[in-house]
């Protein structure tokens, strides 16, 4: 590069010539200049979204291969492929073609396993990415809408997954659809109609695989791609958040520029993700449909579970005590199904709306570009921990039978323990997390004011022993003191001299959020502290 | 439960040639009652006289000497709970009429003598030699008619795996899992994995219904179908998954744990490496 620019401008290198050629025809230079110099802060937790994105790319590539061979038909055939224990068994074309992909098409099983593993990774990476965003407060203004878009992507990813693992029409996927059928029928009045509409008649019918296939390869991927694009545009528009540090202000973004460093890293990282998935797919079986056999409404295998991301819904159904279904007004009211659906619905809506709720409670209309350390927002972190506990309890409940067998417990004991975890656990988690956060903040204060314990014990001439405290370096101190605290809102009458209910609610919520708080060390305190010790 | 069980037991000691004809006759409900009464009267008395009628499979095994040896073993190892004459006590059920198959299964898999009372008898290392197991089995078989140890052609896995797989999914998989990986039952009971159980023991379990397992008698699942089921299970035992490590064959829970811990875990480690400062 340098030789091309300094020595002989007329004798350009190939890269330079190609760049000029492309730019003269597309005027892309302005775009590259704008985007290529965008800084991307470097932190491992900022790459979790990329893991999700790259896993999705792997899903798209492997899925395209699978569409070449999969036939989404529920017509009946007798299997005549290579897998002996299914030879001659009657099954749908969908199942038979999936078996052919697994046993008779070169590389088919590898790609099928890669597709499924990548899908699991896709949703898992989204989950971890969302937790990072939540606990660092990266959803605050101006990024609230991007949180919503991300949340929609999470739900779309779950829908993609569910429609996907229902396609092979094996016993496990049929059991999953049977549960969905039951849940839909649990809705009062309209349930049965909706079920017949979805399945084209009585469950299971002969339509559902074809319909799910259209959703799985056409509508849902298009939506995911569109929302991913929007998500990324917003990331560029907002700039990336960064953790507090010297020189990092709300107005800048410190890190390597996208071109060339960051693009190279990210591009390489894509191949790493691809490679890890290829390794997993080649070594570990996933969804061995040949064990499950074709769908038949009568058998259900022990250990029948959905894929992990639907587990929380399955767990919610398992945790409902018996007897919540009764007949009233000549209709069956299935509260054993409605209560989990409502509970999960409320949970999802609260999580989706959380950025707006927190902003309203704070009355904060400023932009925030510095990511919080979780301890510095104790109430938010505690709410997050409560939500994680709730979700994890439901999630664990989906494997209640396996917990029982693998840890030599009774199934009833596991269920009752998890019922307690789901209902009481969030409160316990909230309380513990909040106290831990405040304790950590106190520790930070202590360290900023007095330095950290060096472990060096010194005997003074007078015979007194002291431990030497070493002061922090400036960089570390900056990290520990740069955060914001909020104080509870004052309840004030509005312009007409009234205190509205909304105001009272907000003041109450604000008190709940910010009553217990640790303020960052101020400059004055720091100087006073230094004076004391030196 | 009981009458049915006895019926299948008395049927089992008849020779296989008669079985087909007799079964159709016995389908009549009154025939059951009559046969039961007859069976109880006859077998009770007749067995004392010629107790060698039980086992055709190994005619040399059930000599009086074998039975005597079995009785000694029984009185030393089993009588505490099952009583000196296998008549049963508060601690353990009567073994009169359970047949050689039940003993061969329970003792041969190490479940008996039982380690401790619990939701169900746990497997432990087998305590007796094969010969001793057989001696015990024929002693118990000599006390009353019951299912015999099955013949080799039914348990060697030479049947139709596809038929067996289908029967297994319909009759067995709800407790034992489609791949025979085992599953949970209520109150701490469980269906054990079938991944290393021998064909003979699988057959015996089906005809005797050990622990919490129901009895699948020959009218429910024919001996040939049982052979097919064993064939399928042997296929699963002998052929590892074509997709790689099975992760316990317990389904999506293991897969989910794997992708979170090892898949996402390794990628998070890589993100830390990628963003590590160079110095």
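Backbone N, Cα and C atoms are what each Cβ position is placed from, and that goes for glycine too.
The shown structure was predicted, so the numbers you read here are calculated from the model rather than taken from an experiment.
Averaged over the domain 'Cytochrome b/b6 N-terminal region profile' (A:18-244), the predicted model reaches a pLDDT of 94. The domain 'Cytochrome b/b6 N-terminal region profile' annotation in TrEMBL covers A:18-244.
Summarising the annotation, TrEMBL assigns transmembrane segment to A:51-70 (among others). Long-range contacts of the transmembrane segment (A:51-70) within the same chain: residues 94, 97-98, 100-101, 105, 108, 111-112, 114-115, 118-119, 121-122, 125-126, 128-129, 167, 213, 217, 221, 224, 228, 269-270, 273-274, 277, each at least 6 residues beyond the stretch ends and with a Cβ under 8 Å from a Cβ of the stretch.
Per TrEMBL, transmembrane segment is recorded for A:116-135 (among others).
Under 8 Å from some Cβ of the transmembrane segment (A:147-167) lie the Cβ atoms of residues 70, 72, 94, 98, 115-116, 119-120, 122-123, 126-127, 129-130, 133, 139, 173, 176-177, 180, 208-209, 212-213, 215-216, 220-221, 223-224, 227-228, 230-231, 234, 287, 306-307, 309-310, 348, 351-352, 354-355, all in the same chain and six or more residues away from its ends. The transmembrane segment annotation in TrEMBL covers A:147-167 (among others).
The transmembrane segment annotation in TrEMBL covers A:179-201 (among others). Listed by sequence, the residues of this chain that lie at least six past the ends of the transmembrane segment (A:179-201) yet keep a Cβ under 8 A from its Cβ atoms are 162, 207-208, 211, 306, 314, 317, 331, 333-334, 336-338, 341.
Taken from TrEMBL, the feature transmembrane segment applies to A:213-237 (among others). Sequence-distant contacts of the transmembrane segment (A:213-237), counting only residues of its own chain at least 6 positions beyond either end whose CB sits under 8 Å from a CB of the stretch, comprise 35, 38, 53, 56, 60, 63, 67, 70, 72, 143, 145-146, 149-150, 152-153, 156-157, 159-160, 163-164, 167.
As annotated by TrEMBL, transmembrane segment applies to A:269-290 (among others). Counting only same-chain residues 6+ beyond the ends of the transmembrane segment (A:269-290), those with a CB under 8 A from a CB of the stretch are 47, 50-51, 54-55, 57-58, 83, 85-86, 95, 98-99, 102-103, 110-111, 113-114, 116-118, 120-121, 165, 168, 170, 172.
Packing against the transmembrane segment (A:333-357) from elsewhere in the chain are residues 134, 139-140, 143-144, 147-148, 151, 155, 182-183, 185-188, 312-313, 316-317, 319-320, 322, 324-327, 383, 387, 390-391, 394: each is 6 or more residues past its ends and has a CB under 8 Å from a CB in it. Annotation comment: TrEMBL describes A:333-357 (among others) as transmembrane segment.
Long-range contacts of the transmembrane segment (A:377-398) within the same chain, counting only residues at least 6 positions beyond its ends with a Cβ under 8 Å from a Cβ of the stretch, are 131, 134-135, 137, 305-306, 308, 311-316, 318-319, 344, 347, 350-351, 354, 358, 415, 418, 421-422, 425-434, 437-438, 441, 512-514, 516-517. Feature annotation from TrEMBL assigns transmembrane segment to A:377-398 (among others).
According to TrEMBL, the transmembrane segment annotation covers A:413-433 (among others).
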